[in-house]
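Input: a single structure, listed below in structure tokens.
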Amino acid sequence: MNRVNESIPQEFVLLGFSDQPWLEFPLFVVFFISYIITIFGNLTIILVSCLDSKLHTPMYFFLTNLSLLDLCYTTSTVPQMLVNLYSARKVISYGGCVAQLFMFLALGATECVLLAVMSFDRFVAICRPLHYSVVMHRRLCLQLAASSWITGFGNSVWLSTLTVQLPLCGSRVVDHFLCEVPALLKLSCVDTTANEAELFFVSVVFHLIPLTLILISYAFIAQAVLRIQSAEGRQKAFGTCGSHLIVVSLFYGTAISMYLQPPSPNSKDRRKMVSLFYGIIAPMLNPLIYTLRNKEVKEAFKRLVARVFLIKK
């Protein structure tokens, strides 16, 4: 029997892809480029939404929150990942690991709730257009956004506290490229069945319940759109929802695959690859999806660039 070491470790070793060293440099290049695109894309959406008065609507207020969330999400994991891919010594301090665990849980849960809030906004805009400005007033938007962040961070306080309180064995090797609950549970010497059950319960609450609300909202939206007489009107209505639906599909598809599927012999490598998409690729794609498909954002961006050039002249 290994003796339980309850002292606080100085650092953890993140294995990442060290068993496949030939992958590390290509991954470093891909993640670095993805991170730069994520930073630029999300900052652009935040600046355009804040500086262009035509985008001061509930839809773009929530989109700004999503972009801010994605910025924080990638920054909490990618820089450390890049350092470890570049370095032979793949370590993270104990404090850094706890902070990464907390932020990953908090921001992931916040995005689950925020995407449901955004679907409610689209439901009111399309199904109750005459009452939209009355229902989605500024105070309600602030309350909904704040509730998303508070719920996500509250969940993280509870779940991360339960995780870091577990006594650890001698091993400090995390078989992942980030500090995530399932990977850290494997380092504990005690029975973690209760923790795994709590993680599964939280995953159901934050994934299936918001996803169900989103699907219900879009069922009503589809009925309302089909009642629109003109093809142009239907196309415009679907256009305002298409970007959100794509983001929802990417986010919930990977999240459910990561947290709600039963373990399998290949689940370790699958979890790593899904985490990469969940934490790096999706935040990079979100601003591209919203800008490439959204005429209003593209026009607002052109106006912002024109104002910058006029100021320089």
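For all residues, glycine too, the Cβ spot is worked out from N, Cα and C.
If you look up TrEMBL, you'll see 41-290 marked as domain 'G-protein coupled receptors family 1 profile'.
Sequence annotations record features per position, and here TrEMBL assigns transmembrane segment to 25-48 (among others). Outside the transmembrane segment (25-48), and at least 6 residues removed from its termini, the chain residues within Cβ reach (under 8 Å) are 17, 55, 63-64, 67-68, 70-71, 74, 78-79, 81-82, 85-86, 280-281, 283-284, 286-288, 290-291, 297, 300-301, 304.
Taken from TrEMBL, the feature transmembrane segment covers 60-78 (among others). A Cβ distance under 8 Å defines the sequence-distant neighbours of the transmembrane segment (60-78), meaning residues of its chain 6+ beyond its ends; these are 31, 34-35, 38-39, 41-43, 45-46, 49-50, 99-100, 103-104, 107-108, 110-111, 114-115, 117-118, 121, 141, 144-145, 148-149, 178, 247, 279-280, 282-284, 286-287, 290.
Remote same-chain residues near the transmembrane segment (98-120) are listed as 59, 62-63, 65-66, 69, 72-73, 76-77, 80, 92, 144-145, 147-149, 151-153, 155-157, 159-160, 163-164, 178-181, 184, 202, 206-207, 210-211, 213-214, 217-218, 244, 247-248, 251-252, 255, 278-279 (criterion: CB distance under 8 Å, separation of at least six residues from the stretch ends). Among the features that TrEMBL reports, transmembrane segment is placed at 98-120 (among others).
Proximity of distant same-chain residues to the transmembrane segment (140-158), defined by a Cβ-Cβ separation under 8 Å and at least 6 residues beyond the stretch ends, is recorded for 58, 61-62, 65, 102-103, 105-114, 117, 120, 202, 206. The transmembrane segment feature in TrEMBL is assigned to 140-158 (among others).
TrEMBL lists 200-226 (among others) with the feature transmembrane segment. Residues 108-109, 112-113, 115-116, 119-120, 122-123, 126-127, 155, 159, 234, 237-238, 241, 245, 248, 252, 255-256, 259-260 of the same chain sit 6 or more residues outside the transmembrane segment (200-226) yet have a Cβ under 8 Å from a Cβ within it.
Per TrEMBL, transmembrane segment is recorded for 238-261 (among others).
For 273-292 (among others), the entry in TrEMBL reads transmembrane segment. For the transmembrane segment (273-292), same-chain residues at least 6 beyond its ends with a Cβ under 8 Å from one of its own Cβ atoms are 31, 34-35, 37-38, 41-42, 44-45, 63, 66-67, 70-71, 73-74, 77-78, 104, 108, 176-178, 180, 243, 246-247, 250-251, 254-255, 257-258, 298, 301.
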Segment-level pLDDT (mean, integer) for the domain 'G-protein coupled receptors family 1 profile' (41-290):
85
